[in-house]
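Annotation source TrEMBL lists domain 'ParB-like N-terminal' at 110-155.
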Amino acid sequence: MSSNKNNSMMGISFVDLSGKNEDTSSMPVGVSNRFENEEFREMTRRRLMGQNSAPAETKAEAPAETEAAIQETTAKTDKILTEIAGSTGTYQLLSLDALVPTPDEWNQFSSISNEKKVLMADSIYRNGLQQPLVVRALDPEGRQYQILAGNTRKSIYEVLYDLTGEEKYLSIECKVYAYQELTDDQAREIASDTNYVQRANLTGRDKSFAVRTKLNILKKRGEKQILEKAAEQMGMKRTAAFSWNKMANLIPAFFDLFDEGRISQKTATRIAAWNHDVQEELYMRSEQITEDVIMAIPAKTPSELVLGRFQELTAASQQEQAEVRQIGHIESLEEQENGYTIHLSGKAPEASQLVIMYLPNKKAKAFRNKYQDFIIEAPETETP
């Protein structure tokens, strides 16, 4: 077996824009002064984005991954491979040209952010590959191998070769399963489970896809109590596995609302019970959606009745809101050195308490939708 996992920390040998060598021996994995140079970072980002047909929008910069986190992920990956495929498989260096991507239907996970890819490229260049790819041979001669885990790492190697011209980036270390050593179901399970444990920030869509895939595989095997087994294998409660599986029926637009914190998992699970045509219509009215309204519509309501019931409940809710708006508003809010002075008008509703609180932006929309009848608003001001 050829391995570069134990390489010592090395300084970057890219052509330095400043003309100076860089000492990275004391830096954590994924951090480099070279990559703090925006011109170099942008060049790397553009190369990585250029390989994607639909690159993800750049988000806030991802945190550097520690060596401890990498070791933990590697241990989880090894455990998954052992549980699914036993002690089979060998480590080999394979040419990038021999590798083909995971089938799209096996890999419906969200795209990794470009900032995360840049950090991965930095770490791989300085420290070597920490996690080998997982592949299986597609023919007896070993001419072609299907990637089960590591599509992003392969693309980073291609970019590193493009930027440096170093031939060592034309091949990559892989855990290789021989031709027909894995069944298609085993290969698919490896592709899903390794993605699940190797990604730091899973979206709602990612979790739902992973749980649905696991349940389908267990069911196909004829396993009993598949929900309990899936939950145990994926490190979650049975109720959570149940909800994520139900949510797999959501249209993408509602997954986005969930990930943004604008609807709760309870609301998302109920919406997922209805067909996509109904969901599309509800999404067009997403500003009117509240948890109380959605949960008042039984999951088994016939599709043709859902929208009518939603409109009835929404109208009733709006009427109630109009009646309780008499609770008043904030007349003034004065910021002082050690806090605020707030002057309120109106009368508190019965059986209620006054609570002043800060909410994260991602949770504020869902909170407002659920408790809007009891929120004291600031007075509207006329713009000059």
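Glycine residues also receive a Cβ, built from the backbone N, Cα and C atoms like all the rest.
TrEMBL does not curate its annotations; it predicts them automatically.
Mean model confidence of the domain 'ParB-like N-terminal' (110-155) amounts to 89 (pLDDT, 0 to 100 scale). Across the domain 'ParB-like N-terminal' (110-155), DSSP helix (H, G, I), strand (E, B) and coil residues number 19 helix, 10 strand, 17 coil.
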